[in-house]
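Q: One structure follows; several queries about it will come next.
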Amino acid sequence: MPGPHIRKEVSIEKIMYLFSLALMLPAGASIFLFGRHALFIILTGVLSAVFTEYIAKRIRRQRFRMDGSALITGLLLALTLPPRLPLWMVALGAVFAIAVAKEAFGGLGYNIFNPALAGRAFLTACFPKEMTRWVLPFEAVTSPTPLNSGFVWHNGKIALYKHLFLGNVGGSLGETSALLILIAGFLLLALGIIDWRIPLCYIGTVALLTFSFGKDPLFHVLAGGLMFGAFFMATDYVTTPITGKGRIIFAAGAGVLTVMIRLFGGMPEGVCFSILLMNAFTPLIDRYVRPRPFGWRKTDEQKRGS
Amino acid sequence: MFRTIFKGKSFSGGVKVPENKLTENESVEVFPAPKRAVLPLAQHIGAPCEPVVKRGDKVKTGQIIANSKAFVSAPIHASISGKVTGFIKTITPSSGKVVEAIVIDSDGEDEWERMEAMDLSAPRDELLKRIRDAGIVGLGGATFPTHVKLSPPKDKRIDTIILNGCECEPYVTSDHRVMLEEGEKVLLGLEVIKRILSCDNAIIAIEENKENAISHLRDLIKRKKISTEVVSLKTKYPQGAEKVLIKVLLNREVPLEGLPFDVGVIVQNVSTARAIYEAVFEGKALIRRVLTVTGMVKRPKNLLVRFGTSIESLIDHCGRMEGANEVITGGPMMGISLPVLDLPVTKDVNCILVKRSLRIEERDCIRCGSCVRACPMNLLPTELVKYIKAGMYERCSEYYIDDCMECGSCAYVCPAGIPIVQYIKVAKNEIRRRVKGGS
C-alpha cells in the first residue's frame, strides 16, 4: 500500500456542516426580519430536501447518508425564496432541486447545475406571480425589491445604503442583509472552505460594469441577491471550476451576465440565472483552463498536444 | 560566492503536515550487529547484482558479495562477518518486489575488510570508482547509484550542488541526527562531491524546524572556512523533493521529463554525503545507516543499523505498543506499508513507522479543488483520477501524469478520502505496459 498513511482532519461532512453553520447567520436574520413564516419556509426547504434525497437514494439502491449536502441545498433554496411563498411551493422546489438537478445527474459530485438555484429557477418558471411577491421586513406590506422598477426612495443615499446593508428592504429571505452575508462569508473564507477568488471577482465585475454603464455600483452590489449568490452559490464546489484561473473566469462571467440581465434583460434580478448559465460552462472551463505544469516549456506543447 | 541568506523560502502548493518528530533529540544508538543478515541483491535503481560468493564461503564485514558489470548499479557488501549460508527469496521493504537475497550467519568476530583510505587529492576517476565500490546509493530514499548521479553528461555544466537536509517527511529524523552528530563527515563528503564535479558552489538546504542543525553546520563551515551556504527553508511538505528544492533555492525549473543536471544542478542527500566520507577517507563500504524507529513504539529511537537486520527485531528493541497494526518503511507521506515484518533493512530505509492503520472510505469527488491547490507540480489530480477511472489513459498523458512525483499531498488533503496516489501509480504502470506492448 503506497502512502500517504496520514490524512488531514477533514471530511465532506465537516465541510458541509461548517458551511450550513455559517448559513445560520442569514437564516437567523431572515426569521428576525420576516417573522415566523420565514422559519417555516426554511424548515420546509430543509426537510423536503433531505427527505427527497433519502427517497432518491432508495430508488437508486444506494446508501443514504446524512452528508449535509441535501441540508445545504434545502437551506440555500429557502433563503432565495420570497418571504410569503406558500409552503407547498417551497417543498416542490426542494423536490425538484434534489431529485432532478442533483440525483438524476448522479448525486453529489456529478450534478452540473447548482441544485438550489435550479430549484429556484423551476419555481420562477412555474409560479411567476408568487415568486415575485415581496414584502417589507417587520410588516406585511407588499413592497418591491430595490431592483424592481417600482422601487422608489426619498430619504437620501446614505440611508438607502444603510438599509441595504442591514437588510431592512424587500427581497428574498437570506439576501437582504449584506452585513450578515459578509460575516458568514468571511467566516467561510477564514476556514478555507470557499475560494476568495469567486466572491471578489463576481462582485468586483458587477461593480466595475455597473459603474462604467453610469449606474451606482454600491447600490448594485448591495441590492438583490448578488452578495448571497457570490458567497454561497457561485462558490459551490461541484458546479464551479476546480482551478483558480477557471474560478476567476467563472466569477467574471457570472458578473457580466448579472449586469446584462439587470440592466438590459426582462427581469430585475439576474444572479440566479447568471450562475446557472456559468454552471453550464464549468466543464468547458475545466477542460481548457489548465495550469502550466511544473517545468513546462513552450516546446512541450507540440510534444503532447493540448 | 556567498549569496544572500533568505529565511523561510517556500514554494507554491504543498501541504502543512503535523511534524511529529518524536526522536529529534534522541542521539543515534548503535544497534548491535545481527546474528543473521539477509542482503537483497537489488537495493538500488538499476541492474540487480549477481552473487560473487558461494554457499559456505567465509566473508568479512565490508567485503563485496554481489556485483554487476552494468554502469547503473551498485555492489552489495557483507554487513557482518561470517559464513554465507544460503540464497533465499525475500521482499525489499521499500519497493515490495520479490528479490534474491544472500544470507550470512555471523561468526561474532565482526572482522572488517577495508579499502585503502584516500583523500581529496585523489584523481576524480578514483573518487568516483571508490563511491561505486563502496556501494553508495541515494540514501534519501531514491537509491539511485551515486556514482552515476555524479557523472553527468559532458555537455551539462554543473554550477550548483545542493545538499538536501530538508527531511520534510513527518516523524523521520535520521538526516537531522546525522547533520548534528556527524556534521564534519557530511561537510567532508560534500567536499568530495565538489571535487568530483569541479564545482565549488554548494548549498545545504534544511527546513527551519531543524534550527540546531542549521546553526551547527553554519558554525562548522565558518570554523573550517569552507565555501558552502546553509539555507533555512520553510517547514512544508514536500520541500525536500528534488525539483521543488531547486525551484525554491535557485528559481530554476527542471524541465518536464528532465533531470536536475539539465538546469546545472546536482542534489545529494546529507546521509549520502556522510557515506561518501566514510568510503573515501576511511575506506569503509556502505553496510549500515541511521534510521528512525518511531510512532507507536515505547521508546522511539534513531538507530545505526547494519543492512540485512530484521525490521521486526528493531521494532521489538523499541517496544511495540498495544493497538499498533501497521508498519511503514519511509515516512508516512511516501512510505510503503509492509505486508510482513520479517524483512531486512535495506539501503533506502530511513524510517520505520509503527502505527494504527488508517481506515478511509473512498467517496465520490466533490470537486473542492483542494488537491489542485496542494499539487506542487501544478497538475490536476482529481481530473487524472476521473480519467483513470474511465480508463482514458491517453488523456492521462495529456494531463501530464508522468510528472507526478507521487508525493501524496493531494491525497493528504482530500476530504473524500480518494487514494489518488494509488490510482496514479496503477495508471502509470498500465500506460508503461501499453507502450511496451504496442511498439
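Using N, Cα and C of the backbone, Cβ positions are placed for all residues, glycine too.
Just so you know, TrEMBL annotations are computer predictions that nobody has curated.
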Q: Determine which of B:Cys318, B:Cys404, B:Cys407, B:Cys414 appears in TrEMBL for the same [4Fe-4S] cluster 1 site as B:Cys365, B:Cys368, B:Cys371.
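A: So the [4Fe-4S] cluster 1 site in TrEMBL includes B:Cys365, B:Cys368, B:Cys371 plus, from the candidates B:Cys318, B:Cys404, B:Cys407, B:Cys414, B:Cys414.
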Q: Among B:Cys375, B:Cys396, which is the one TrEMBL gives for the [4Fe-4S] cluster 2 site where B:Cys404, B:Cys407, B:Cys410 also bind?
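A: Given B:Cys404, B:Cys407, B:Cys410 bind [4Fe-4S] cluster 2 in TrEMBL, the matching entry from B:Cys375, B:Cys396 is B:Cys375.
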Q: For B:Cys375 ([4Fe-4S] cluster 2 binding site), write down the residues of its own chain that are at least 6 apart in sequence and whose Cβ falls under 8 Å from its Cβ; none is a fine answer.
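A: Those within reach of B:Cys375 ([4Fe-4S] cluster 2 binding site), by Cβ under 8 Å and sequence separation of 6 or more, are B:Gly13, B:Pro381, B:Ser409, B:Cys410.
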Q: Taking Cβ distances under 8 Å as the criterion, give the subset of the binding-site residues B:Cys365, B:Cys368, B:Cys404, B:Cys410 near chain A, ordered by sequence.
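A: Cβ contacts with A, in sequence order: B:Cys365, B:Cys368.
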Q: What is the separation, in Å, between the Cα atoms of B:Cys407 ([4Fe-4S] cluster 2 binding site) and B:Cys371 ([4Fe-4S] cluster 1 binding site)?
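A: For B:Cys407 ([4Fe-4S] cluster 2 binding site) versus B:Cys371 ([4Fe-4S] cluster 1 binding site), the Cα atoms are 12 Å apart.
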Q: Which state, by DSSP, holds B:Cys407 ([4Fe-4S] cluster 2 binding site): helix, strand or coil?
A: coil
Q: Can you break down the domain '4Fe-4S ferredoxin-type' (B:356-385) into helix, strand and coil residue counts using DSSP?
A: 10 helix, 0 strand, 20 coil
Q: How many whole Å apart are the CA atoms of B:Cys414 ([4Fe-4S] cluster 1 binding site) and B:Cys404 ([4Fe-4S] cluster 2 binding site)?
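A: If we compare the Cα positions of B:Cys414 ([4Fe-4S] cluster 1 binding site) and B:Cys404 ([4Fe-4S] cluster 2 binding site), the gap is 16 Å.
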Q: Tell me which residues of the chain lie with their Cβ under 8 angstroms from that of B:Cys368 ([4Fe-4S] cluster 1 binding site), as long as they are six or more apart in sequence?
A: B:Pro415
Q: Inside 10 Å of the Cβ of B:Cys404 ([4Fe-4S] cluster 2 binding site), count up the other Cβ atoms and send me the figure.
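A: B:Cys404 ([4Fe-4S] cluster 2 binding site) is surrounded by 22 other Cβ atoms within 10 Å.
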